[in-house]
Amino acid sequence: MGFWTLFEVASMPILQVLIISSLGAFMATNYLNLLHTDARKSLNKIVFVVFTPCLMFASLAETVTFEDLVAWWFMPINVALTFLFGGILGWIVVKLLKPKPHLEGLIIATCSAGNLGNILLIIIPAICTQEGSPFGDHKICSTVGLSYASYSMALGGFFIWTYTYHLVRTSSLKYKALKLAEEVSMVPNKDLDANAKTYLLEGQVEDPVTIVVPSNTYTEVDTGNDAILPQFSAGKMEEGTKSSRGNVMVVLHKLLEEVFAPPTIAAILGFVVGATMWLKNLLVGDNAPLRVIQDSVKLLGDGTLPCITLILGGNLIQGLRSARLGPVLIVVVVLVRYLFLPLIGIGVVTVAGNLGFLPSDRLYRYVLMLQFALPPAMNIGTMTQLFDVAQEECSVLFLWTYLAAGLSLTAWPIVYMWILS
């Protein structure tokens, strides 16, 4: 496969994202005003609750079997490592460049969460069908490659809607806490003649002022529930113990809330149906009695990627006007995603292969390497919209990372195929 052919294949999904994003940006302008802020928020909720779960379930139920889950045991570890190393690199970027607190979660999420779904679904079958492909018969390659891509998408969705979801939610809480602190600091002092010395001299010291801080409780309407810091005294040790137990329960509740987000539940159900033959025979296949259910779910799932990309473009218009991201930060994030992570991926797959953890299938190893070289997951944009934090900065960061992905997704596949040949 020649360089320009590979460049064309690798660039197609990136061009699709940019074209649909441009349409979303045009729809969000004052000229059309179709994707205004409220419309994007409503569409995001539909994507989160309906479209994304349907896409996850339909892909897994149709392509993954129990034997596949056993044979591909290293892929979940590989995806976890992409998030681990990307998260570490993102944390280093945050510590070195010190961005605003509400941007920290976005930066770490952008560095760690790759687009493990739609880009692989486009690139892998396209490479399989090209003449001179090193992966054998194009029909077998395309079928197996789609299974790899679907499994990768499900794994990516699980980590994105747990780990990345938590990062963005935490950034939202920080952002709301800072806004609350600014509002409190701007409240004028009504007693202009009074000060701390006055109260001490006159003996008018009242009870200590309680400090109000936002709790971690998240609801769709309000994430700023208040928790009053306890006044520490010997007589309130029992209350402190109860408070600690309550905090543990809150943490467990939030963990379950994130793990059982709609996309994650759909992924689990997809795994169950795909791995259980009698359930799969009911839903999947030309003669399946309940095939209409699978077809309906798949039809809903097909709306996920266009909607996410349109919303991304709509956020971009506002982002170009108001976002404040330094060029150094953008360049460093691009280097993390397209230089450091792909090099780490080569090392991980090479070591795993030498230790005998991987099958001899070159396409499987190629997919594992490619998982380290992908642009950021587009679901990050959905999360920033859901939590109303760093939406404009996310759109600007995505614009530059996806522009750079055109070159990265051409260069690294060439290197990977050269290593595997």
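Note: Cβ is positioned from N, Cα and C throughout, glycine not excepted.
Features reported for this protein in TrEMBL:
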| type | residues | note |
| --- | --- | --- |
| TRANSMEM | 12-34 | transmembrane segment |
| TRANSMEM | 46-66 | transmembrane segment |
| TRANSMEM | 72-94 | transmembrane segment |
| TRANSMEM | 106-128 | transmembrane segment |
| TRANSMEM | 148-168 | transmembrane segment |
| TRANSMEM | 259-279 | transmembrane segment |
| TRANSMEM | 299-317 | transmembrane segment |
| TRANSMEM | 329-351 | transmembrane segment |
| TRANSMEM | 363-384 | transmembrane segment |
| TRANSMEM | 396-419 | transmembrane segment |
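Against the transmembrane segment (299-317), the recorded stretches 46-66, 72-94, 106-128, 329-351, 363-384 differ in Cβ pairs under 8 Å, and the greatest number is found for 46-66.
A contact links the transmembrane segment (106-128) to the transmembrane segment (363-384), because at least 3 Cβ pairs that are 6 or more residues apart lie under 8 A.
Two recorded stretches are said to be in contact when at least 3 C-beta pairs lie under 8 angstroms, sequence spacing 6 or more; the transmembrane segment (259-279) and the transmembrane segment (12-34) fall short of this definition. In summary, the transmembrane segment (396-419) lies against the transmembrane segment (12-34): three or more C-beta pairs, each 6 or more positions apart in sequence, are under 8 Å. Sequence-distant contacts of the transmembrane segment (148-168) (same chain, at least 6 residues past either end, Cβ-Cβ under 8 Å): 52, 55-56, 59-60, 62-64, 68, 72, 75-76, 79-80, 83, 87, 105-106, 108-109, 112-118, 120-121, 124, 258-259, 261, 263-264, 267, 270-271, 363-364, 367, 371, 377, 379-380, 383-384, 387, 389. Outside the transmembrane segment (72-94), and at least 6 residues removed from its termini, the chain residues within Cβ reach (under 8 Å) are 104, 107-114, 116, 148, 151-152, 155-156, 159, 163-164, 329, 332-333, 336-337, 340-341, 344-345, 348-349, 352, 357-358, 364, 367-368, 371-372.
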